[in-house]
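Per TrEMBL, the features are:
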TRANSMEM  12-32  transmembrane segment
TRANSMEM  38-55  transmembrane segment
TRANSMEM  67-97  transmembrane segment
TRANSMEM  117-138  transmembrane segment
TRANSMEM  145-162  transmembrane segment
TRANSMEM  168-201  transmembrane segment
TRANSMEM  213-239  transmembrane segment
Amino acid sequence: MDSLTSLLNRVDIFLVVMARVSGVLLVAPVFSSRNLPAQVKAGLIVLISIIVFMAKHPQMATVPTSIIPFVLLLISELVIGLIIGFASYLIFSVIYIAGQEIDMHIGFAMVNVVDPLSGISVPLVGTFKYMIAILVYLTTNSYNYLFAALFHSYDVIPLLGFQPNKAISTYLIGMFGNVLALSVKLAVPIVGALLVAEVALGIIARTVPQMNVFLVGIPAKIVIGIILLVLILPFYMFFLDMLFETNYSDLLKLIKLAH
């Protein structure tokens, strides 16, 4: 009852909390999915905002009473949430980029499918790996990293404490670089094996000119690629765990830079 009374008495603070939570869930992986009904998203935003408010409102400062400063505060809180959500979504770009690279070497470059989460055309292998990543993300409760970062943000960036600066954009650019590096690491085992297969096919073409290597090569690379995808699945799970933990560390560092 006391918590409900506090919520009713501090609706202004609750709205500010909801702005940051909304920013996170609007772009965070899974929660920003187009397949997730708008009513469910709204319910999640309200529910998580209530939880955050109950846990953090005693330490929150008063908010401006004038309309313009209050709106500016809402915008700044929304931006904080968008930064956290976007940074958490970046890590899934690793999977798409690696999948695109693998598709090019297997021969699936022209075969794209529609991603049910974003509604855009994506590489076939990238979609396969992405769906596995989503399953791992949900079944291992790795989304708790996102909510832990959200709660931690109120300890580091209190209301009226957001300080936009160059360090934030610099760190985000660095995260883009890490995405490219990690995608290369993820794709290298399969791409490397396929390159070896292409070299072998080239040697066969030189030594046995009568053989139509083009007709043999494409099915061979597809078979090799699929076999390798299956073989590296256990290692892919470990790679995903490392990705989620690394992303959590990046979120904490990014939050620290915003204060």
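Including glycine, each Cβ sits where the backbone N, Cα and C put it.
Residues 12, 15-17, 19-29, 32, 122-123, 126, 129-130, 133, 145-146, 149-150, 153, 157, 159-160, 162, 164, 168, 172, 175-176, 179-180, 182-183, 186-187, 243-244, 246-247, 250-251, 254-255, 258 of the same chain lie 6 or more positions beyond the ends of the transmembrane segment (67-97) yet place their CB under 8 Å from a CB of it. Beyond the ends of the transmembrane segment (213-239), by six or more residues, the same chain brings 102, 105-108, 125, 128-129, 132, 136, 185-186, 189-190, 193-194, 197-198, 201-202, 204-205 to within a C-beta distance below 8 angstroms of the stretch. Sequence-distant contacts of the transmembrane segment (145-162) (same chain, at least 6 residues past either end, Cβ-Cβ under 8 Å): 13, 16, 20-21, 24, 28, 48, 52, 55-56, 59-61, 63, 73, 76-77, 79-81, 84-85, 88, 244-245, 247-248, 251-252, 255-256, 258-259. Remote same-chain partners of the transmembrane segment (168-201), defined as residues 6 or more beyond its termini with a Cβ less than 8 Å from a stretch Cβ, comprise 83, 86-87, 90-91, 93-95, 97-99, 101-102, 105-106, 129, 213, 216-217, 220-221, 224-225, 228-229, 232, 236, 239, 243, 246, 250, 253-254, 257-258.
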